[in-house]
Every structure is written in structure tokens, then in C-alpha cells.
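Record features, source TrEMBL:
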- 1-24: compositional bias 'Basic residues' (COMPBIAS)
- 28-43: compositional bias 'Polar residues' (COMPBIAS)
- 76-92: compositional bias 'Polar residues' (COMPBIAS)
- 109-610: domain 'Major facilitator superfamily (MFS) profile' (DOMAIN)
- 1-92: region 'Disordered' (REGION)
- 106-126: transmembrane segment (TRANSMEM)
- 146-163: transmembrane segment (TRANSMEM)
- 175-193: transmembrane segment (TRANSMEM)
- 238-260: transmembrane segment (TRANSMEM)
- 266-286: transmembrane segment (TRANSMEM)
- 307-326: transmembrane segment (TRANSMEM)
- 346-364: transmembrane segment (TRANSMEM)
- 385-408: transmembrane segment (TRANSMEM)
- 420-442: transmembrane segment (TRANSMEM)
- 474-503: transmembrane segment (TRANSMEM)
- 515-542: transmembrane segment (TRANSMEM)
- 582-605: transmembrane segment (TRANSMEM)
Amino acid sequence: MLRNTRRQSRTRSQSKRSNHRRRRDSSAGVSPYSTSRVRQQYDGQHEQSPLLGSKHNGGGFSYTTTAAKTSLPPDTDTTAVSISPESESDTPVKTPYLHGISPARFWILFPGIMVTYFVACFDSTIMASSHPVITSYFGSSNSASWLSTAFLLTSTSFQPLLGGLSDAVGRKGPYVLTMTIFLFATLWCALAQSMTSFIIARAVCGLGAGGMMTLGSIMISDLVPIEIRGAYQSYINIVYGVGAMLGAALGGMMADYLGWRWEFGIQVPLVAVSLVIAIVTIPHDLGLYGAKSVSVREAMRTFDFKGSILMSSSVTFLILGLVSLICADGKEQSLGGNILPWSHPFVIASLVIFAVFFPLFLYVETIATKPIMPLYLIKKSPHMNLIFSNHISSFLSSAILFNVPLYFQGVLLTSATQSGLRLIAISAVASLTGTATGFLITRTRRLKWPLVAGTSLVCVGILCLSGMQRGWPAIAYMACLVPSSAGSGFHFPGTFMAILAVAEQRQQAVVTSTLILWRSLGMVLGVACSSLVLQNALWYYLELLVQGPDSEKVIALVRKSVEAIRELEPIYREQVVQSYEAALRTTFLCCAVLAAISVALVLPVRLPRLGERK
């Protein structure tokens with residue numbers, strides 16, 4: 001009798017504590033039924049997702065939903081399902097990560113991914129300051145542009161293919177493959193004995209680097225819930241910024257003091273260690289949303305090979321056509337260092353092939369069973385708005401980085417070193433802002449404010465650049481650069497978080513690779529198109545303003561070399577400076593129009609708060 005009374009008292013006490021916890025969570029606005037994890041786990045239960053299977057979760061951990069035990073009416077909201085972490089022995093195991101991966105395992109894998117991010121960013125910018133040493137070593141200075149072009153070409157073209165392939169066969173295989181490719185290509189660069197061999201090695205490096213960064217980002221999205229994804233995006237932004245800045249800053253120094261081959265040799269052990277970590281820690285079925293028993297052969301049978309080939313070919317020929325006109329150093333160089341005008345057969349053929357292949361790609365995607373880039377991403381809001389606003393912002397960031405040094409050197413007549421040092425401040429502001437954005441998104445759980453703030457600041461910043469005048473103090477020019485840099489820091493991570501929040505978990509790879517593809521295209525188009533506007537405007541103003549007996553020689557000289565402006569006679573120098581100032585102002589005003597379009601794209605977008613994945 002006394003024992004029964006004690007048992008009943010204990011039961012009532014537990015019930016009161018449970019009711020108290022529910023009232024406390026309700027008053028705090030926390031619902032156990034509103035997280036994105038619930039929905040994706042519930043959906044996965046009915047789709048036999050490997051995330052829920054004890055045999056396939058990679059960590060001996062699974063989420064058990066009440067949907068597996070209770071019959072729900074058809075009109076029941078699937079988010080109203082409670083979850084409880086359980087191991088196979090019914091002993092609760094707590095982990096904040098998806099796919100049942102333990103915190104210990106995650107914190108071995110995540111630093112490994114960050115190391116590959118760092119190496120890829122370091123490698124992508126190392127050519128900026130070391131290519132004169134390398135090209136001089138091989139006696140091929142006229143091929144300098146292809147050191148960066150070859151890398152950019154492959155890193156951009158194959159991103160959608162790798163994202164779609166990882167959906168078909170899982171993340172581990174493609175990620176390990178791209179790391180292996182990058183490892184051997186980097187070693188190839190360090191041992192190259194000719195310029196041709198080195199350029200081919202750089203192209204293979206680009207394939208590996210693009211794959212490592214794209215698949216690394218996809219895997220983090222697979223493992224980290226959207227509610228805390230912003231914090232991890234901040235870690236990525238830190239690594240990205242540090243890697244890019246160190247690559248640009250140390251490339252020339254290492255080439256001078258250690259020899260250029262060590263720039264690549266030093267990367268090999270870092271990638272090798274990360275490769276071992278990836279092989280050991282990545283769950284073999286990560287990214288496989290659907291039937292558990294699908295073989296690689298069956299998965300490849302439904303893979304969108306036609307779409308992949310057409311997409312990669314379209315992007316390749318577009319980039320070839322554009323970089324053949326304008327190279328990243330602002331000189332009209334191309335294959336072999338020759339000038340290729342719009343009328344050149346190579347340029348025409350490249351752009352015509354793109355014009356034919358891209359519509360074919362769009363048609364193939366409409367009939368593909370599993371399209372590599374679902375067309376709703378570029379046709380329907382909010383995905384379309386997010387992707388194209390991000391594309392425009394990438395275009396504008398690239399245009400600013402390309403044209404601002406020309407203003408410093410062609411209008412203010414500073415040296416290349418001085419203008420380069422001012423650009424470091426731009427990178428630092430963008431990196432710091434991007435880092436803060438990820439943490440603020442996680443804290444506020446709101447996704448729209450970085451988009452509006454970012455696009456608006458970019459627009460304001462470009463207007464400031466268009467209004468710059470000679471004679472200002474140095475701090476004033478730096479102040480004009482801050483808004484656009486901060487805007488990019490807000491917008492890029494904000495867009496990434498927003499598009500993940502409105503995408504299904506199974507679409508993470510396709511969405512991520514599509515976003516990165518359009519961002520990369522924006523970088524290429526930003527340089528090519530802004531330079532096209534600048535060169536035409538500069539030609540017009542030089543013809544209008546440069547007057548004198550030697551005007552034709554002066555015009556021809558300054559169009560080939562910005563450094564020649566400082567050597568001109570004072571009267572001609574002033575006329576040329578005025579021409580550059582007017583041409584750059586025209587270019588920035590054209591960019592301001594695109595910036596306004598980017599703002600207009602994000603204003604009507606409606607986004608969920610974190611924890612309310614659509």
C-alpha cells in the first residue's frame with residue numbers, strides 16, 4: 001500500500017515537471033515541432049532515407065519519429081511530429097548534427113574540410129603576384145594570362161556536374177576523387193618542366209579546387225542544421241578570406257625567397273592529411289536521399305549526362321570567348337598574347353557555340369528525370385531572385401576589383417604596389433562583414449536583412465565610386481570603397497543561407513552548385529563586360545579630349561599601358577587623366593544600374609525564419 005502511494009506520488013511529480021517544461025517552452029516561443037530537422041526526418045522516414053536507418057547513418061545513431069508508430073490523418077501537419085534521439089540500445093545519444101554523426105567525428109571532419117578550403121583559396125590567388133616569376137622562368141611571358149584562365153575555366157565549368165554526381169553516388173566518392181586530383185595536379189605544378197605542362201596542370205588543379213570547395217560546402221549543409229548553419233558559414237568566410245589574402249600576399253615572396261615550385265609543394269602535405277581525414281570520417285552514404293539499396297550503376301543510369309555535358313560545354317565556350325577578349329590584368333591579350341577583336345573567328349566561334357549549347361541545355365533539363373540544374377531554380381521566386389541577385393553582386397564585385405586599381409593608377413597616378421595595398425583593405429572589410437553576418441543570422445534567425453543591406457550598400461558604394469574626384473585625401477578614397485565591400489560581405493553569405501532555407505534537404509547539392517556556378521559566371525562577366533564598357537568609353541573620351549600634334553601616338557600608347565601616363569608631357573598627361581576619369585565614371589554608373597536591379601530582386605522576396613524550412 002505504501003509502495004503504491006509512493007509510486008503514484010512520483011508519477012504525479014514527473015507529470016507536473018513535464019507540464020512545467022511545456023509551459024516554459026511555449027512562453028519562450030520554442031516549439032519542439034517547428035524545427036527543420038523534424039520535417040526532413042519525417043519525410044525521410046516515408047522515403048526510407050538513409051538518414052534514419054541504423055545501418056546507414058554512419059554513426060550508430062538515429063532519430064525516431066512518432067510517425068513510425070502512429071497513424072496520422074492525411075491533413076495532419078507533418079511538422080507536428082516530436083522526435084527523440086535514440087540509439088539501438090534505447091540509450092539517448094545527444095548530437096546537434098544531422099545524419100547521426102557524433103560531435104567528436106564531426107569536429108575531426110570539419111577542420112579537414114576547412115583545410116581544403118584554405119588550400120583551394122590560397123592556390124586560386126597565388127598566381128596574382130608570382131606569375132611574372134613563373135612565366136619568366138619558362139620564357140613565356142606572353143602566356144601569363146592562361147595561368148589564371150585555365151584554373152578559372154575548369155573550376156567553374158564542372159561545378160554543376162560534381163554537385164549532381166554527388167546526389168547520385170553520395171558525397172564521399174566525388175569529394176575524395178577531387179581531393180586526389182588536386183593533390184596530384186599540385187604536385188604536377190611543382191615538378192612541371194615546360195609552360196604547356198604547367199598550364200595543363202593548372203587546369204587540372206582548377207577542377208580539383210572547384211570540386212573540393214563545392215562538395216565541402218554541400219557536406220557541411222548535409223551535416224549542420226539550418227538553424228546553426230550561419231555560424232559555420234562564418235567559419236568558412238574566415239578561412240576563405242585568410243586563404244585568399246595569404247595567397248595573394250605570399251605568392252611573390254615565396255617565389256623570390258624559396259623558389260616558385262615551393263608554392264605548390266607546400267600544399268601537398270596539407271591536402272594529403274585532409275584526404276586521409278575525409279576517407280576515415282565521411283559517412284559512406286552521406287548525400288544519398290532515397291532508397292538505401294541503389295547501386296552506383298543504377299544511380300549513374302539516371303544521372304543527367306546530357307545536361308552535364310551541355311552545361312559544362314556552354315560555360316567553357318562562354319568563358320573562352322570572353323577571356324579571349326579581355327584578360328584579368330586589363331590588357332587585351334589572349335592565346336599566345338595576341339589581340340583578339342570581336343570579329344576574330346575564335347571569339348565568334350566560341351560565343352556561337354555557347355548560344356547553341358545553352359538553349360539545348362535548357363531543353364534537356366525540361367525532360368530529364370533528375371536534372372542537374374532544375375529550371376525552377378532560375379524561373380521561380382524566391383530561388384530565381386536569390387540566384388540572379390547574387391550573380392549581379394558577384395558581377396559588380398569583380399568589376400569593382402578590376403576597375404578601382406585602374407582609377408588609382410590611371411587617374412591618381414599611383415604605383416601598382418600602392419593600389420594593391422588599398423585593395424587589401426577591401427578584402428579585409430568584406431571578410432570581417434561576412435564573418436559577422438553568419439553569426440548574426442544564427443542569432444536573429446532572420447534571413448532577409450543581409451540581402452537588403454548587402455545589395456543596398458553595394459549600390460551606395462558604386463555611386464560613391466562614380467563620384468570620386470582628384471585631390472581628395474587618401475582616407476576619402478578608402479571610405480568610398482567600404483560600402484561596396486561591406487555589402488558583398490552581407491550579401492554573399494546571406495544569399496547562401498537563404499537559398500538553403502527555401503530548398504529541400506535532398507536538393508542541397510544541386511542548389512549549392514547552381515548558386516556557385518552563377519556566382520562564378522558573374523565574376524567572369526564582371527571583368528569582361530565592365531572592361532568592354534571602359535575601353536569603348538575610353539576610346540571616345542581620348543578622341544574627344546586629347547588634342548595636339550602627337551595625339552594619335554599618345555592615344556595608342558596609353559591604351560596599351562597605364563604606366564605610360566606618368567611619362568607623358570604635362571599637357572598630354574592632363575588630357576589623358578581626364579579621359580580615364582570620365583571613362584571610369586561611365587563604367588561605374590553602368591554598374592550602378594545593375595546594382596539597383598539587384599536591390600529590386602531581393603526586396604519582394606519572402607523568406608522563412610530559421611527553423612521554418614519550407
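Backbone N, Cα and C define each Cβ position, glycine as well.
Just so you know, TrEMBL annotations never went through curation; they're auto-generated.
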Proximity of the transmembrane segment (346-364) to the transmembrane segment (385-408), 3+ C-beta pairs under 8 angstroms: no
Same-chain residues at least 6 beyond the ends of the transmembrane segment (106-126) whose Cβ lies under 8 Å from its Cβ atoms: 95, 97, 151, 155, 179, 182, 186, 205, 209-210, 212-213, 216, 219-220, 223, 232, 235-236, 239-240, 242-248, 250-251, 263-264, 267, 270-271, 273-274, 277-278, 280-282
Recorded stretch that, among 266-286, 385-408, 515-542, has the most CB pairs under 8 Å to the transmembrane segment (582-605): 385-408
Long-range neighbours of the transmembrane segment (146-163), counting only residues six or more past its ends (CB under 8 A): 124, 127, 131, 134-135, 174, 178, 198-200, 202-207, 209-211, 214-215, 218, 308, 311-312, 315-316, 319-320, 323, 327-328, 335, 372-373, 509-510, 512-514, 516-517, 520-521, 524
The transmembrane segment (420-442) and the transmembrane segment (515-542) contact flag, 3+ Cβ pairs under 8 angstroms: no
Tertiary contacts of the transmembrane segment (515-542), as residues 6+ beyond its ends and Cβ separation under 8 Å: 152, 155-156, 159-160, 213-214, 217, 315, 318-319, 322-323, 325-326, 328, 330, 332, 373, 386-388, 390-399, 402-403, 406, 492, 495-496, 499, 555, 558-559, 576, 578-580, 582-584, 586-587, 590-591
The transmembrane segment (266-286) touching the transmembrane segment (175-193) per 3+ Cβ pairs under 8 Å rule: yes
Chain residues in Cβ proximity to the transmembrane segment (266-286) (below 8 Å; excluding those fewer than six residues from its ends, i.e. six or more beyond): 50, 56-59, 99, 101, 105, 108-109, 111-113, 115-116, 118-119, 122-123, 170-172, 175-176, 179-180, 182-183, 186-187, 190, 219, 222-223, 254, 292
The domain 'Major facilitator superfamily (MFS) profile' (109-610) [mean pLDDT, rounded to integer]: 84
